[in-house]
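S.K.: What TrEMBL shows for this protein is this:
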DOMAIN    2-158  domain 'FAD/NAD(P)-binding'
BINDING   A11, E32, L40, V76, W361, G368, V369, I370  FAD binding site
BINDING   H147, G148, N149, V150, R191, R192, E203, G368  NADP(+) binding site
Amino acid sequence: PRVCVVGSGPAGFYTAQHILKHHGRARVDIYEKLPVPFGLVRFGVAPDHPEVKNVINAFTQTAHSERCAYYGNVTVGRDVTVAELQQAYHAVVLSYGAEDNRVLGIPGENLSGVYSARAFVGWYNGLPENRDLKPDLSSETALVLGHGNVALDVARILLSPLDLLRKTDITDGSLAALACSKVKRVWLVGRRGPLQVAFTIKELREMINLPGARPVLNPADFTGLENAVKDAPRPRKRLTELMIKTALEKPGEKMMEAQAGAPREWGLKFQRSPQEVLPTADGSRARGVRMALTRLEGSGDSAKAIPTGDVEELECGLVLSSIGYRSLPLDPAVPFDTQHGIIPNSSGRVNGVPGLYCSGWVKRGPTGVIITTMNDSFDTAQSVLEDLQVGMLDVSTSREGFGAVESILRSQGVRPVSFSDWEKIDAAEVARGKAAGKPREKIVDPQEMLRLIGH
């Protein structure tokens, strides 16, 4: 059987890995629109979290299997259609993730100084489409809308000492911009309360211990919460206890000294929903955000934020909206649920299209960490293997696989990038990084990547 996977992030690689491991004759081709593989492991994981990127070693092993091939620089839906892939392969798995962000839908969100956290993360991580972002870091106060791990990531990068960032694979250009940044205060704002935050304890602890930055939590937000979390699941309980401790307890002497001299600060604000980004007098850029104060109806994860009628304005020249990523439809031939931003499916089998599958964020929505995506991808791979086993996929007719796709690409003048091509780009990045004393210096221009491999 010939299987094709669209997207080379964790979902794509884990799907491929599982199929290759459990079917001794299957061949898997992975297509990727960028020349370089690994998706959000390369472009989403924070530069100061190198240990999370270790999964790249396993993905590289999968790519080196003689039954696996990687074709970068190929945009499915433009260079080759899903229907053409279905002609060439026995099964097609869509694992292309969430390449857009949810919008706030409020006046002023297009003002200068307002960015999506997704674009900001892409900028400091060297995602080609965000390399020219040039975020305006000239104001002292930044506002991050959202209480997830990505919100904490961008706050941490904004407030991290440069010495810490210099040793990471953050891009050269963003390091230079952060060196001139005036930002010294970051507020993280959420519509709901402390019991509904979506970030995890590891990220919160990292933020609390960030050198040169002190946490500013309002004790009133946390009084009486101990009782409310008594019966909560353990992760939620521990996370809330850490916030309570940070807000209510006097820090130890050593910590107090460190915090007293801290030039930067960050804090969490709750039960506030953005209503409008306020413009400067000349209307050219953001000067603040007007927020509706909310009250919670219901409790736990299902609590809803209802506006009380009161509003509050917060001054800030930088607004980062971190309210979630969003998948986009890839090809008119593929069913897509625009309301939920997913491909409608059952255990990864795309509804009403036999032989078509999906895994990762485009299958279940943009939530969870790499391990969540791993389990989700194994689940889809299992569906493919079952369908092969019971004869749902007709393997008696041979399919040409890349042979058929290659002629389509050639007619379009598209030259795919192989995995060994990527390894040349990788070596060049590592060499450039070494010269600067960092793990790698990412190349951010796809044309430069292609020149490097002689395309």
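Cβ atoms are placed via backbone N, Cα and C, with glycine included.
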S.K.: Sort out for me which one of A11, V150, V369 has the most neighbouring CB atoms within 10 A, since those are the binding-site residues we care about.
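M.R.: Within the set of binding-site residues, the most crowded position is A11.
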S.K.: Comparing the binding-site residues G148, G368, which residue's C-beta has the most other C-beta atoms within 10 angstroms in this structure?
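M.R.: Buried the deepest by this measure is G148.
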S.K.: Hey, what's the Cβ neighbour count for W361 (FAD binding site) at 10 Å?
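M.R.: Here the count is 29.
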S.K.: Could you check the binding-site residues E32, E203 and say which one's CB has the most other CB atoms within 10 Å?
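M.R.: Checking each of E32, E203, the winner is E32.
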S.K.: Whole-number Å only: compute the distance from the Cα of E32 (FAD binding site) to the Cα of H147 (NADP(+) binding site).
M.R.: 31
S.K.: Would you mind sorting out which of G148, N149, V150, R192, E203 (the binding-site residues) have a C-alpha within 10 A of the one on V76 (FAD binding site)?
M.R.: none
S.K.: Let's check the environment of N149 (NADP(+) binding site): how many other CB atoms sit within 10 Å of its CB?
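M.R.: Neighbour count, Cβ to Cβ under the 10 Å cut-off: 16.
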S.K.: Taking just the CA atoms, what is the gap between E203 (NADP(+) binding site) and L40 (FAD binding site) in Å?
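M.R.: For E203 (NADP(+) binding site) versus L40 (FAD binding site), the Cα atoms are 17 Å apart.
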S.K.: What is the interatomic distance between the Cα atoms of R192 (NADP(+) binding site) and G368 (FAD binding site), given in whole Å?
M.R.: 19
S.K.: Measure from the Cβ of V76 (FAD binding site) and count the other Cβ atoms within 10 Å, all protein chains considered.
M.R.: 22
